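Student: Straight out of Swiss-Prot:
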- 34, 86, 158, 160: Mg(2+) 1 binding site (BINDING)
- 47, 70, 158, 231, 233: DNA binding site (BINDING)
- 179, 181, 233: Mg(2+) 2 binding site (BINDING)
- 368-385: compositional bias 'Basic residues' (COMPBIAS)
- 1-104: region 'N-domain' (REGION)
- 122-253: region 'I-domain' (REGION)
- 336-344: region 'Interaction with PCNA' (REGION)
- 346-385: region 'Disordered' (REGION)
């Protein structure tokens, strides 16, 4: 779920915290990517296109196709991805998971009704709602990444929290996910739409943590309380308090405790046994692996291993897989060259520098012409002795 309404709130009140760029803008950057979010995107994208990629046994392979080609695209653009996989969800998330299970049951019933009615649009809609990333999907994705020479991290708990820890430790530049709670976990940079398909033509949207705090006129603790008021995965929110009212309350009272002391109980009902304090602690001190002990290495791909893994039962085209492996190798060599070139930087030619050089050349030419004219003119004007 992430944080309800946070993206729009930032766009409205702290637009300076958002920048849209092309993927190539992040050339040379290391980025921690929410793997489960990616796999989900790949699974629903194929369903929406009406295709069903599968093995000879009927097992889906769209997540592998998406991971393979999307990762190659990132590397082609000079981005070094590290994928972070979810671990066990925190106990406080059980309520949200229960709601998702209920929604899944409702979607199954709606899908059956749509199928019986021959409603193609309804079938597609509810099919998408039933998509979920399984442990088997994650296991296969990890095996694929290993063969591609791309690192991954198993988070002990939430992937977004682990991504944020890698960013804060300086291991990577940003977190790439569609869930805004990466900011709540303290990721200084958040990239949305980075792993979207090229066909969607969506610019990458970069959120700056420091600039959003400045724009909203709050500190990091107050930002966490704001996110809890907006609605997060770990506890209920106060009904009737939307984004605008939430930021007004935080700006006025600075924390949830003081807000509760001053809240009009006739207008707003606080959830019974509201676990906002535990939710706050989960954002402040999430369960993550020590980022400093994580060694991220991008190595050469195993071409034959990729062919064996993706072709055969999974029915990938061998020629395309080998071409993909060659692109992986080429991108690694290019990144190595970039590191070498960084030791011998050439100053770019700027308009001012170019104009100055032109003026200097013109002045030198004019001076030479004047000198020549003076010399030749003097010769003609002198009388012979």
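Counting begins at 1 with the first residue displayed.
Any Cβ shown, glycine's included, is placed from N, Cα and C.
Owing to the predicted nature of the structure, the values given are computational and were not obtained by experimental measurement.
Tell me what's around each of these sites.
Tutor: Non-local contacts of residue 86 (Mg(2+) 1 binding site) by the CB criterion (under 8 A, 6+ apart in sequence, same chain) comprise 35, 36, 138, 155, 157, 158, 159. Secondary structure from DSSP puts residue 86 (Mg(2+) 1 binding site) in coil.
DSSP assigns residue 158 (Mg(2+) 1 binding site) to coil, not to a helix or a strand. The Cβ neighbour count for residue 158 (Mg(2+) 1 binding site), using a 10 Å radius and every protein chain shown, is 29.
Secondary structure from DSSP puts residue 181 (Mg(2+) 2 binding site) in a helix.
Assigned with DSSP, the residues of the region 'N-domain' (1-104) fall into helix, strand and coil as follows: 58 helix, 17 strand, 29 coil.
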Student: For the binding-site residues 34, 160, 179, 181, 233, which Cβ has the most other Cβ atoms within 10 Å, all shown protein chains included?
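Tutor: Result for the most crowded candidate: 160.
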Student: About how far apart, in whole Å, are the alpha carbons (Cα) of residue 70 (DNA binding site) and residue 34 (Mg(2+) 1 binding site)?
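Tutor: Cα-Cα distance, residue 70 (DNA binding site) to residue 34 (Mg(2+) 1 binding site): 14 Å.
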Student: Sorry to bug you, but what's the C-alpha spacing from residue 233 (DNA binding site) to residue 181 (Mg(2+) 2 binding site), rounded to the closest Å?
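Tutor: On Cα coordinates alone, these residues lie 9 Å apart.
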Student: Looking at the binding-site residues 34, 160, 179, whose Cα is closest in space to that of residue 231 (DNA binding site)?
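Tutor: Spatially nearest to residue 231 (DNA binding site) by Cα position is 179.
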